[in-house]
Amino acid sequence: MLTSECAALQRTLPGLLSTHASFLPLVTRSGRNRKAIGIRLSLRGRLPVQPSSWVLAMGRDSRCRECCWFLVLLHGVQGLAAASAGAPQLPLVINTWAFKNANEIAWNTLQAGGSELDAVEKGCGQCEIEQCDGSVGYGGSPDEHGETTLDAMIMDGNTMQVGAVADLRRIKNAIGVARKVIEHTKHTFLVGESASLFAESMGFPSEDLTTQNSVSMYIKWLSQNCQPNFWKNVTPDASKSCGPYNQTAEFSKKEQSASVRRIEVHNHDTIGMIVIGQSGNIAAGTSTNGANHKIQGRVGDSPIAGAGAYADTTAGAAAATGNGDIMMRFLPSYQAVEYMRLGLDPTMACQKVISRIQKYHPYFFGAVICANTSGSYGAACNRVPGFTQFHFMASNPILKQPSEQIVDCI
């Protein structure tokens, strides 16, 4: 045990406990001849190092009151001291998945004087341009008729205004259209062909969202008897053949278990982004091309305020990614923000919403990112075969540059 490190931890601990009490779970342990307090330092997002690089040692120092045992950070103590001493955590940009360029564009937009909404629009828009993982933007996730459609939403946490579009056709910049819904209509949500016509009236060019890649994906799916698909209780048997389908006279109310269906990360994917400015203003947004081979007209959680994302400058923001057909039923982003309003730290807020969904759908694929008004952030995901960790990006003054973060699923 190094005396200087123990002293450094002792100096920083009071400040951390006073400002982030819920961020440092205290676990009281009793032994035969001693009593100790184990302090688990869950400081992801507060130090410029990955947890995997932290070396933890437990030591005992005679100066520690009541002979407490302290976890000492041998690597990163200096960063810990800086964080607890009031080093700025704002502005903050976090987004789902390891979409670095999107995060960097959003961060640079803020640094250039852009608003939080500007940053969300530019960041998500970058993923639309890059077709991030094939799950955002044009040329990905063709529906059961081979067409790519887009969903997006953007929310201002100051005014609680929301703009959203879904089943958007022929328009590549879905997040840009969502913002125009805020700026040029008294509505919140536009869908389908009418949303596309609105976009064209706002000056967005009409373009084909189909690419050779999306055509190839569609042809391959057809050759595999349209497997997997999202139909049930129909004839012919949707698990064995393509449609058209008709309802059956008898049907089962039991949904197909996700443990049986092969988990595909790229089949339910979204960029969700949270931006908190230096002054504390918050915005959030999402963009996606939805579920692969979805039934035409399907809308997932991404463009729905409270499901795909939610922002409230008085409490924080959250964004979700995963199986939107399941997640939208639980409004995880809204619920996470309300948990933070009650005082939970972002990591715990994310974990609680994941746990709520687990009770009904233990094998669902999904993750949530959360940030509170001070700039602390966290994430959580549901552990299923093939998905045991969740990667997301973060930028703040402590990290210096867009940094990939990793959390173990629960």
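Note: Cβ is positioned from N, Cα and C throughout, glycine not excepted.
TrEMBL annotations:
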ACT_SITE  Thr270  active site, nucleophile
BINDING   Arg298, Val299, Gly300, Asp301, Thr321, Gly322, Asn323, Gly324  substrate binding site
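The residue listed as 'active site, nucleophile' is 5 Å away from Thr321 (substrate binding site) when you measure Cα to Cα. Residues listed for substrate, Arg298, Val299, Gly300, Asp301, Thr321, Gly322, Asn323, Gly324, cover a largest CA to CA span of 16 Å. In this structure, the CA atom of Asn323 (substrate binding site) is 10 Å away from the CA atom of Thr270 (active site, nucleophile). If you take the C-beta of Asp301 (substrate binding site) and look for same-chain residues 6 or more apart in sequence within under 8 angstroms, you find Ala307, Gly308, Ala320, Gly324, Asp325, Met327, Met328. Rounded to a whole value, the Cα-Cα separation of Gly300 (substrate binding site) and the residue listed as 'active site, nucleophile' is 10 Å. Among the binding-site residues listed here, namely Arg298, Val299, Gly322, Gly322 has its C-alpha nearest to that of Thr270 (active site, nucleophile).
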